[in-house]
Amino acid sequence: MAALSWQGIVAVTFTALAFVVMAADWVGPDITFTVLLAFLTAFDGQIVTVAKAAAGYGNTGLLTVVFLYWVAEGITQTGGLELIMNYVLGRSRSVHWALVRSMFPVMVLSAFLNNTPCVTFMIPILISWGRRCGVPIKKLLIPLSYAAVLGGTCTSIGTSTNLVIVGLQDARYAKSKQVDQAKFQIFDIAPYGVPYALWGFVFILLAQGFLLPGNSSRYAKDLLLAVRVLPSSSVVKKKLKDSGLLQQNGFDVTAIYRNGQLIKISDPSIVLDGGDILYVSGELDVVEFVGEEYGLALVNQEQELAAERPFGSGEEAVFSANGAAPYHKLVQAKLSKTSDLIGRTVREVSWQGRFGLIPVAIQRGNGREDGRLSDVVLAAGDVLLLDTTPFYDEDREDIKTNFDGKLHAVKDGAAKEFVIGVKVKKSAEVVGKTVSAAGLRGIPGLFVLSVDHADGTSVDSSDYLYKIQPDDTIWIAADVAAVGFLSKFPGLELVQQEQVDKTGTSILYRHLVQAAVSHKGPLVGKTVRDVRFRTLYNAAVVAVHRENARIPLKVQDIVLQGGDVLLISCHTNWADEHRHDKSFVLVQPVPDSSPPKRSRMIIGVLLATGMVLTQIIGGLKNKEYIHLWPCAVLTAALMLLTGCMNADQTRKAIMWDVYLTIAAAFGVSAALEGTGVAAKFANAIISIGKGAGGTGAALIAIYIATALLSELLTNNAAGAIMYPIAAIAGDALKITPKDTSVAIMLGASAGFVNPFSYQTNLMVYAAGNYSVREFAIVGAPFQVWLMIVAGFILVYRNQWHQVWIVSWICTAGIVLLPALYFLLPTRIQIKIDGFFERIAAVLNPKAALERRRSLRRQVSHTRTDDSGSSGSPLPAPKIVA
């Protein structure tokens, strides 16, 4: 075959450079592809004409993608899906059943709705549900993204990629004799996509024990931390072995400090008391979560030292919860080899004076025995977690000379925090449940302060056994994101809801705004009630944030100060109208803060269902009654008319970066096809097919090439670039156009290893605080597994009925596997556990080591119990100051 022309060389060279730019994340794919396309059209039409380059912007598949965002926004704004999913999820204590309950409904849902909004509204639901059920969040969020992707492969409208390929195929074969064979109906991909999704689901269920991460952090692990037992904690007066603390993974109690003595844990029968300081080895995220569940407060080194003093500020003052958070802003630092702190104990260092920092935890090891944080002798390479004070400056010379590199931010406890009250409705599901069981503990950015009864009495937040009653008012410290979560929580309404309703603003145009009070403005020194805020501004103050303080007053009684940040419920135009108001120095709308229009929930769901039914009926009768593009537009228009969403929300729902990426990628693929580059790559696939003696091998090659490209680019771009290559190869090998397109659809959705390869991956990556390594540990074997699955499906595509039957039977068996497992003899269970432990040791050695340590600790505690120990601790040495 002739060599590439200069046009082909230019096209492939600059396309490859664009791939490098996108893979390195230097510039986004929307800008990269748009600039690349403009460059390729600059050669007077010799590479690609302007008409062909612009054709993608009006492609019907792309237009369908764009306007389905409108429909998804309409459903999301009604809150209907959240209500349904909360009901479907129910309650589960095991990771296996939690995954079954969470993944399967999402797979079904994402088959008919765009997976991005599905994941958007499911993330806070799953976080709350996981905390409520005691299931690690990290076990749920990666499977959530994968479930949304897998479900999208079951119908032609399930993902934007599918719609893009459908649009490209319609355009390519519009005037061909194969037009009928090429026309996609909604379920034409189902014979391949459903088994593909089921086997992906099976893999996650089988691998969750040794591949999915638990509650872990991206930062230092195996830390020595201190927590204080609050007087009202559920563990007070309980033996350590009966408290539930020993059963918590990643939370290992090593010692107790009580009455001036450090007691090493040699006997789990020791009885815990209020005020005890427990020394724990584990990870910060896990310790914080367990602390919230059991009533334990994180202790820094200054509080640890204060607890030694019998008089002074007083224990309750030291551990009071009046501060805005248990810490201000945590940073991680590594002690340099040249540090003058080496050889000194933590207590001997003037941390605040020299660095503006307070030690919170130190990584264990360096040959030291576990003890108190203050008594740890510092060594080179020690990793510390430190809380920042107002005097902290990362550019201090002392910090640069004593620590390696830059101090890394770990957690921000100083994000704007508002004290907000929510009232419990009589019919709320949370009635009769503890705060934890109701799903209000462990939510990022949310902390329950107290509960007020209707009779005027109050319950402190540390009463972990209290069960919520109708008409209770729950006072919560929450950041802006958590306030949005509360506004959509079923059965709860804001205490200020009456004031909000009196503004007269329709719920359709209501949202939240943050406004900072001017130091010289007319609001300073007055209460919200005094200034008649609602009357003057036609808006209601929902909550107030004050730097470094929680204001224990109702909103209308707070005396405002300069710098206070008001959280205001108002009309969508309010921020623009008051941006230059002298009362405020900054006015900023809160994104996605519109309350759910629950009264329109049924209308929104019915309209979306009707849209899907038009496609299903058309597919069953092999007749297109209405194209999905105008159908989506009309559905969204009806949602607008019926008040499911407003016009601004409709406009903002469209993800223009996705539109630009896909449209420009169409033009680039046209350039690759027109210059012969696509044919060159297609010939390689044709050779594979002929060499392997069948079309199945060619389809597998198409799938693998698209999947690998999807890890580097966005899924839509990968599909658009691969389509002309695959279509040429398919036509040459006499493969039906639908089979070729299905291979691309499945491959383009297979971005599982890289968290940046797929939008839903990126969303759960941030929400779950995963590391790239954790994603790759799950995603790499998952990718290989699905390559094998896709190979079988594509090779045996003509026997899809048998593939379906086998897939469903195997899936049912795996779902019921835990029940079958416990019917096996113990010796067989031990062998099975050992087999999976060996696999885990190879794939994730650190996690396997931690599990073995945990098991040894539990066995050790059990043996101690059986020895008949009295429960009295051995005499412990006094702490040497």
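Including glycine, each Cβ sits where the backbone N, Cα and C put it.
Among the ranges 107-127, 716-736, the stretch that Swiss-Prot annotates as transmembrane segment is 107-127. Counting Cβ pairs closer than 8 Å to the transmembrane segment (186-206), the top stretch among 8-28, 31-51, 107-127, 625-645, 803-823 is 803-823. In this chain, the transmembrane segment (625-645) lies apart from the transmembrane segment (31-51): fewer than three C-beta pairs between them fall below 8 angstroms, excluding pairs fewer than 6 positions apart. Fewer than three CB pairs closer than 8 A are found between the transmembrane segment (601-621) and the transmembrane segment (658-678), and contact between the two stretches is not assigned (pairs 6 or more residues apart). Most Cβ pairs under 8 Å to the transmembrane segment (8-28), among the stretches 61-81, 658-678, 684-704, 775-795, 803-823, belong to 658-678.
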